[in-house]
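Taking it in order: structure first as structure tokens, then the write-up.
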């Protein structure tokens, strides 16, 4: 056929011309881009901001119980609470290195109902806690920008700061992780300078003071201050799937973070208590800034206040990341619908979790939520009791599971390790107010109702769930 001949002839000519030439290699398609993983240094600072963010907020311990008890509290409480929680996080995060963390542990130990309940308790306590940080930023900035004290300028600034910080989180954990390194170093630097400047002024006998005569000790404030400043070690477990070589990186990061966090609290506390003599009632939140002015001058006070804003930003970013990746992990377990595991095409981040957490945070930022924060503390305590139980039960239920890091104790020793912090959690819940019991009860009832609603949606096929995980059930 003429048409066929017209096409075939040039092809034949080309083949003759190419005889004897080496064949040109065909271009290969580029491999898919592998998302960057968290490495050791950013992970250390993310853990640091999950837990502390600096010595901001430790001052009420002195106000509540006096210098000696405050120092002893920050010396001993890490061994009672922080170390056991960090050890549990290290073992279970390396045994189950997926996003979801403590939700996975509870689900593997006791089934999907308790996994869902754990997720609800921890998520609610987390987002309520996050809402405080944009407010804290504005509270410090209003000292320099007076219109931010009240009215619409304050409301707009809280909204804008929340949206901007959430967008930074949306850009990815690698950026957030290295931003945490920078924020941590800058926010801690004034305390290093203050501690050095305080050395010539330190009078060691002040460290042994039991407090001013006639001042009644507030043990409720004292223990809550310790609890909030040395808590949330397990939050980073929800990021386990984003960590490079988690089996090796997690234990190292947790070890360094525990030591780093304790020193960040203790060194400035020893320095200020030893160098400054003030009424015990002056040791309220933010007193470190006033102490910096007494020790070195106004310039250091401003630096401490700027550091407080940077610390609040770091706390916001670290805890928002944990909440967002927790929801993704719950979707992977089919506890939540599949769309909660959706990732951004640009930054490979769980945008649905970030968006939902941000919206709840914005709503909470405009409320007077003193009792609600106490309720979040209560819910977190319930979650930790479930977490301790899951840890012990998984050792008994799944002893054959590979544990790259393993707490070097048998089950009776593990029970003993968990009993002391569990007793402290019970004390925290017993001293709660009636309002806290009511709000926590309503939230828990809502969490239980949510579980059965999700089951109904799964059975009626109203929403799409993870097929792989459904198959495991």
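Each residue, glycine too, has its Cβ placed from N, Cα and C.
Bear in mind that TrEMBL entries carry predicted annotations, made automatically and left uncurated.
Between the stretches 229-253, 254-278, TrEMBL puts its transmembrane segment entry on 254-278. Residue ranges 64-83, 84-103 are listed, and TrEMBL annotates 64-83 among them as transmembrane segment. Against the transmembrane segment (302-325), the recorded stretches 153-170, 176-199, 372-394, 438-457 differ in Cβ pairs under 8 Å, and the greatest number is found for 176-199. Simply put, out of 38-57, 123-141, 176-199, 254-278, 372-394, 123-141 has the most Cβ pairs sitting under 8 Å from the transmembrane segment (153-170). Tallying C-beta pairs under 8 angstroms between the transmembrane segment (64-83) and each of 38-57, 123-141, 176-199, 254-278, 372-394 places 254-278 first. If one looks beyond the transmembrane segment (254-278) by at least 6 residues along the same chain, the residues whose Cβ comes under 8 Å of a Cβ in the stretch are 44, 47-48, 51-52, 54-55, 58, 62, 67, 70-71, 74-75, 78, 82-83, 86, 89-90, 188, 191, 194-195, 198-199, 201-204, 206-207, 229-230, 233, 236, 287-288, 291, 294-295. Taking Cβ pairs closer than 8 Å, the transmembrane segment (346-366) reaches residues 35, 126-128, 130-131, 134-135, 155, 158-159, 162-163, 166, 169-173, 320, 323-328, 339-340, 372 in its own chain, all 6 or more past its ends.
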